[in-house]
Every structure is written in C-alpha cells, then in structure tokens.
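According to Swiss-Prot, the protein carries these features:
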- His144: active site, proton donor/acceptor (ACT_SITE)
- Lys171: active site, schiff-base intermediate with substrate (ACT_SITE)
- Glu47, Phe48, Arg49, Arg83, Arg213, Ser232, Gln236: 3-dehydroquinate binding site (BINDING)
Amino acid sequence: MCSCLVVKNTVIGSGRTKIAVPLVARDAAELSAVLEQIKNMPFDIAEFRADFLECAGSIGEILHHTQTVRDALPDKPLLFTFRRHGEGGSFPCSDDYYFELLDALIESRLPDIIDIELFSGETAVRCAVANAQKNGIAALLCNHEFHRTPPQEEIVCRLKQMEDCGADICKIAVMPQSAEDVLTLLSATLKAKELAAKPIVTMSMGQTGAVSRLAGQVFGSSITFGSGTQNSAPGQIGVSALRATLDCLENGAD
C-alpha cells in the first residue's frame, strides 16, 4: 500500500493527482517572465528545469537562479530537475559534474524535492538519495524512455528498483508507438501502485500518450506535468486545461 509524502502542505500519493508546472528559461530575464506568467496558474508543484539555462555549466549560476525561484514561490513545493541529454534533457554533462551539482543543490536546501536519474551508477545514486534525505529534501528517482515503451513487467521492475534505492517518489516516462503501449503503461502503473510503498509518477509521452496525464488518479500516478509557458516534454497539456479536465473528471464521477 502506497504511503503519502507531505511537502509544504501538499500531499503527494493521496487524493487527487497533483499538477507540476515546469519552469523553462534560458536566462534571468526569461526566468523572471516565466515566474510572472505562472504565478496565478492552478498548479501544485513548481519544477525548475535548470538544464535549459544557458549557464547550465555553472553551479554557482544555477544556485543563484534556484534562489530566485524559491523566493518567487515560497509556499509551493519546489522540484529541482537537471535533465541530462541522455534522458531527454538539454545539457550533456559528465557524471562528476551531475552529482557535484546535485550535492550543491542539496546542501543549499533550496529545493523541497530533487530529481535523480536512476541509471547514473547505483553507488552514486544511493549516496545522493541519502544526502538529500539527510538535508530534509525528498528524492525523486526517475527514468525516461524516449523511443519505446518497455513491457509491463520491466516498467514495474524499474519503479521497484527506484524504491529499493531509497526513493521518496518513483517516476518513469515512456514513449508509446501504439495505443497498446499506453495501455501497457497504465497497467504497469496500476500494478506498481499495488506493490509500491512510495508514491509513483508515470506518463506515456506524446499525443498518443496524453490520456495517461489525465488518468493518474484512476491508475495510481501521483503527479502529472502540465506546461505553463513552454513544454519540457512531448505531450504536456497546458496547466489551466489540465486542471479543468481533472476537475471535470473528478466532479463528473458522482
């Protein structure tokens, strides 16, 4: 049975699916504009996608911009994500730089949740998870498949592997090649929900998989990602439309 996680009074893993909005910007001016544009949008979690920054190779600059986000959204849970090129991100970097950056963000205690890529070396991943939790930051372990949807058993196994590494939240995103692939992801989500003790987050990407971003509460995905000003992944739905649809589904269930 999945246990919930409470971050800044936001309950993840129980009740309605929470909406995370990615903050995508190249520099300080764009970040300021994005923060202004999203401030009244109906989202629950802010995800800062630092890999989109032009200064993504500077840890000091990233810390500065993260502080800006934290100051602008003091009451929202802040998820820090630095997606590497190999998993669909905008910045290719070494393992050494990646974990040095994560450690710096963890030590700063600016984010409430930190994204850690599962397949980055088990020892380093476990150390990052432990360091995050020691500093009061939830660890979200993730994996992304941008070209295929693995079999149901493999998806469930990866989510379980994340939990075994100590994750507070387990996330996987896959790319469907058919409608059947979307059903595979949803079936895997339902199965993982039955087995996992931590909140899980799943999505089938692209237009074909968009329905998975709306069905989390039914199948067991705790967070859905909706675009604020710019998509950070294929198939994201605008935050306002996403909220309206989730409200409609919830209210129409009576």
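Here, residue 1 is simply the first one shown, and the rest follow in order.
Backbone N, Cα and C define each Cβ position, glycine as well.
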Spatial hits near Lys171 (active site, schiff-base intermediate with substrate) (Cα distance within 10 Å) out of the recorded positions Arg49, Arg83, His144, Gln236 come to His144
Surrounding CB atoms that lie within 10 Å of the CB of Glu47 (3-dehydroquinate binding site), all protein chains | 25
Using a Cβ-Cβ cut-off under 8 angstroms and a sequence gap of six or more, which residues of the chain neighbour His144 (active site, proton donor/acceptor)?
-> Arg83, Glu87, Gly88, Ile172, Ala173, Val174
Once the chains shown are all counted, how many other Cβ atoms turn up within 10 Å of the Cβ of Phe48 (3-dehydroquinate binding site)?
-> 29
Using the structure shown, find which entry in Arg83, Lys171, Arg213 (the recorded positions) has the sparsest Cβ neighbourhood within 10 Å.
-> Arg83
Tally every other Cβ atom lying within 10 Å of the Cβ atom of Arg49 (3-dehydroquinate binding site).
-> 22
